[in-house]
Amino acid sequence: MQICRDLPSLRAATAALRAASRRLALVPTMGALHEGHVALVHAARGEADAVAASIFVNPLQFNASDDLARYPRDEEGDLAKLRAAGCDLVWMPPVEAMYPPGSATVIEVAGPSAGWEGDARPGHFRGVATVCCKLFLQTGAEVAAFGEKDWQQLQVVTRMAADLDIPIHILPVPTVREADGLALSSRNRFLTPEERATAPLLHRVMTEAAAAIAGGAAVPGTLAAGGARLVAAGFAPDYLALVEAETLRALDAPRADGPMRLVAAARLGTVRLLDNIPV
Ligand code: PAF
């Protein structure tokens, strides 16, 4: 597994892969890897001959109230997991290589960036879209794997790649969950044992709400009841909403003409849990 920390060596490594006429897939990450990331590497491998992963904690997607400083970092553990997963190349640029002094270009994706995480974390999707665009262009990958866990991010990146005619296939990969339903996340490690025991309720409430809505229950009442259950259990919900799957537009009644998603974010102690499921 080759490790590249500057752009010239990345270009040389991807050129060598291409010379062997190999289709390259990219798994963008911010490190602190878990089984969800390993699933991305396996899914990427299924679509390409070679897999590159990037590890870059992107300062542009954290805002003032956000948690850049306490974002978990574990370079050695991450590299061991990527090696075991069969990754061919790891791109680990320092911040100055990604954003050299004088960098002045950002990517703003209107539409799916609006609302939900876009409201909770102003500027977050500008940072995500900008770094993903750069990662796509730096690696020249034909495929990029993204987890469905960050559903809004997946829609933002898919829209951005389509709008900018970047020749890359965005591969959605299903959320990996613990046995009790909790979606894997690098931030779960910050849950106390009591919070960890409560955390799966988010997915349970969502699953029951989705089933009720699919069975004809009124959307606003169902979501309000779900939110109240979360509050009673100690969550501070930011949102629990039914949306159009691609545009993230809120729905107060089911649509008959396209996929829908239930999206939620709720704070439990100091940890903000995100989840989404199809309806
Ligand atoms: O989902 C993440 O880990 C990040 O948002 C990503 C896609 C690697 C961009 O920094």
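Heads up, the Cβ atoms here are built off N, Cα and C, so glycines get one too.
Residues annotated as ATP binding site in TrEMBL: 30-37, 147-150, Val176, 184-187. What TrEMBL lists as active site, proton donor is His37. For Gln61, the entry in TrEMBL reads beta-alanine binding site. Summarising the annotation, TrEMBL assigns (R)-pantoate binding site to Gln61, Gln153.
Positions of the features from TrEMBL, shown on the structure.
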{"residue": "Met30", "record": "ATP binding site", "DSSP (3 states)": "coil"}
{"residue": "Gly36", "record": "ATP binding site", "DSSP (3 states)": "helix"}
{"residue": "Gln61", "record": "beta-alanine binding site", "DSSP (3 states)": "helix"}
{"residue": "Glu148", "record": "ATP binding site", "DSSP (3 states)": "coil"}
{"residue": "Gln153", "record": "(R)-pantoate binding site", "DSSP (3 states)": "helix"}
{"residue": "Val176", "record": "ATP binding site", "DSSP (3 states)": "coil"}
{"residue": "Ser186", "record": "ATP binding site", "DSSP (3 states)": "helix"}
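It is His37 that, of the recorded positions His37, Gln153, has its Cβ surrounded by the most other Cβ atoms within 10 Å. Residue environment of Gly36 (ATP binding site) contains 20 other Cβ atoms, counted within 10 Å of its Cβ in all protein chains. Under 8 Å, Cβ to Cβ, and six or more positions away along its own chain, Ser186 (ATP binding site) finds Met30, Gly31, Ala32, Leu33, His34, Tyr71, Pro72.
Listed recorded positions: Met30, Leu33, His37, Glu148. Those with a CB atom under 6 Å from ligand 1: Met30.
With respect to their backbone Cα atoms, Glu148 (ATP binding site) and His37 (active site, proton donor) stand 11 Å from each other. Note: the CA-CA distance between the residue listed as 'beta-alanine binding site' and Gly36 (ATP binding site) rounds to 20 Å.
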